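Structure record follows, encoded as structure tokens.
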């Protein structure tokens, strides 16, 4: 079998590839469960159906999907322009530090302005952390793939230092964590008894804005061209550096917002576990969502379900926690493999086809 | 100060060793025109496979190195099939490999969390180790360090002096011309990527069976990424890679000796030094575009599909 380029990319395969990738992941997942000595049927039920059986499950799904979608929307703008920000995890942490810092600075505040100030600070923190690789790329030509990731490790260590020294909760039994935030520093709950909070609206607004940006604005077109053909963009009067700045600052900003959504939401303080790798998982979300604002909503929900399913399987089937990461990685692997059929089709080698044609003739 | 010098320099060599293995492998892959951002993932898979093999077989670090190399090669094979046979985007496939490797290694490693290994004792090479300063630093090391020197020699010699090295570089410059000349472009790229995987796997196995002989989740801690950065720093030349690895090894080791040297800085800040140093060095190298493009393989990152 050989790959033969298609005359035009297949639109159909563009949408079919993610579905095919999901099926392949489930197939290998079934093998994996069998290898672990679990009945795959039961395991799939626990993993994918069980978590959505009640209102609490749906609340948890949206709670996990919201930051993933928010970050992935920002990353997709850059990915469209071939700017590979892979350090969203660090920008998320910086958002949490900046926003959480406001809450820690005013522990007694009852002001209605406290939470908006935290959101603003969180967005600023993420955007600033994204601006550093933008500066390094535009001024010094330094590859953003590596700088964004290195900065993610640095952000993690800054957080570790803050919560184990200057911002450590004196009553926290020496655990590396800050004080718990007051009520005024937390997003309010949407429903009685469920953890889903108002920060989900930030994601809603972001999806709408990114959809408008991508489908209606000339700027988005320029950004995409700027990444694909920097020379052409320069002739058209749009410098490539603006693409870099816009992509990295925007994706840093959304990651920062996701960070404050976590610490002023389900976490409620600064500690070392503010993100279960949302910044990295969002890379997969963006890719499976085809870098499209609406596609990302669906892939974000799917990825959130994998997180929930992983937790459920851990409790019900005693499978290891790392199974979530394996499913996420496999999904991206299979998607990349299936994507080949967008631009190529399979065909038999020429000699075999000739032989087959000759045989047909001979029979006729 | 002087009494710290020899332990610091000797420790630098150990800390640099995983970077040398992984960096040499990535350098060969990139010289063939393939950029594999999955080094971190391959290292973790190698680390856990090496550790598991050393524990299960009782074969120590030797068994660990073999298993690490095999596991790294297998991980690289997945990447090679995706990027070459299926022409997937190299950056995306590398990221996928890293994400997958983090998950898979944590999954396998779960059984080994409380185990530990004896590691490798330093071997003083006869005569050489009695040279003042150089002896204790370079020639009183474990076998893993010496083996990395051997690999460095082989990679340098093959790239610079052999026909295979010439073909590899030609493929990295222009796969189309190399293909037209009758060079087996696919075979060479597959070979280079698999070699890169084996080396990343050994780097991981060195970490888990020799450097810190135990299994900790995510124990490579970004060293795979630093190795990728080192290849840029080295402008795709093995000699500079070796120097770069020692530089980074030194930065890593300094944090352990900082307290003894009387430096009063939070430990987390010292731990951040290697990452910050990576950024600084990348900036210094990248700002000189001419220097960067002198050795940059012209087809780096581009898929090759004959007849397109």
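Glycine is no exception: its Cβ is also placed from the backbone N, Cα and C atoms.
The annotation transmembrane segment is assigned in TrEMBL to B:6-25 (among others).
A Cβ distance under 8 Å defines the sequence-distant neighbours of the transmembrane segment (B:37-55), meaning residues of its chain 6+ beyond its ends; these are 18, 22, 25-26, 61, 63-72, 74-76, 79, 90-91, 93-102, 104-105, 108-109, 111-112, 115, 117, 196-197, 200-209, 214-215, 218-220, 222-225, 227-228. Under the heading transmembrane segment, TrEMBL lists B:37-55 (among others).
Here TrEMBL flags B:61-82 (among others) as transmembrane segment.
Annotation source TrEMBL lists transmembrane segment at B:94-113 (among others).
Marked as transmembrane segment by TrEMBL: B:133-159 (among others). Sequence-distant neighbours of the transmembrane segment (B:133-159) (same chain, 6+ residues past either end, Cβ-Cβ under 8 Å): 6, 9-10, 13-14, 17, 20-21, 24, 27-28, 31, 61, 65, 119-125, 165, 168-169, 199, 206, 210, 238-239, 242.
Within the chain, the transmembrane segment (B:180-208) has long-range Cβ neighbours (under 8 A, six or more residues past its boundaries) at 17-22, 24-26, 28-29, 31-34, 36, 39, 42-51, 61, 64-65, 67-77, 79-80, 83-84, 144, 148, 151, 167-168, 170-171, 214-215, 219-220, 223-224, 227, 304, 306. If you look up TrEMBL, you'll see B:180-208 (among others) marked as transmembrane segment.
Annotated transmembrane segment per TrEMBL: B:214-234 (among others), in sequence order. If one looks beyond the transmembrane segment (B:214-234) by at least 6 residues along the same chain, the residues whose Cβ comes under 8 Å of a Cβ in the stretch are 18-19, 22-23, 26-27, 30, 37-44, 47-48, 51, 98, 102, 105-106, 109, 112-113, 115-117, 200, 203-204, 207-208, 240-241, 243-245, 248, 274-275, 278, 281-282, 285-286, 292.
Among the features that TrEMBL reports, transmembrane segment is placed at B:241-261 (among others).
The transmembrane segment annotation in TrEMBL covers B:267-285 (among others). If you look at the transmembrane segment (B:267-285), the same-chain residues 6 or more away from its ends with a CB under 8 A from one of its CBs are 222, 225-226, 229, 232-233, 235, 244, 247-248, 251-252, 254-255, 258, 291-292.
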- Whether the transmembrane segment (B:6-25) meets the transmembrane segment (B:94-113): three or more C-beta pairs under 8 angstroms: no
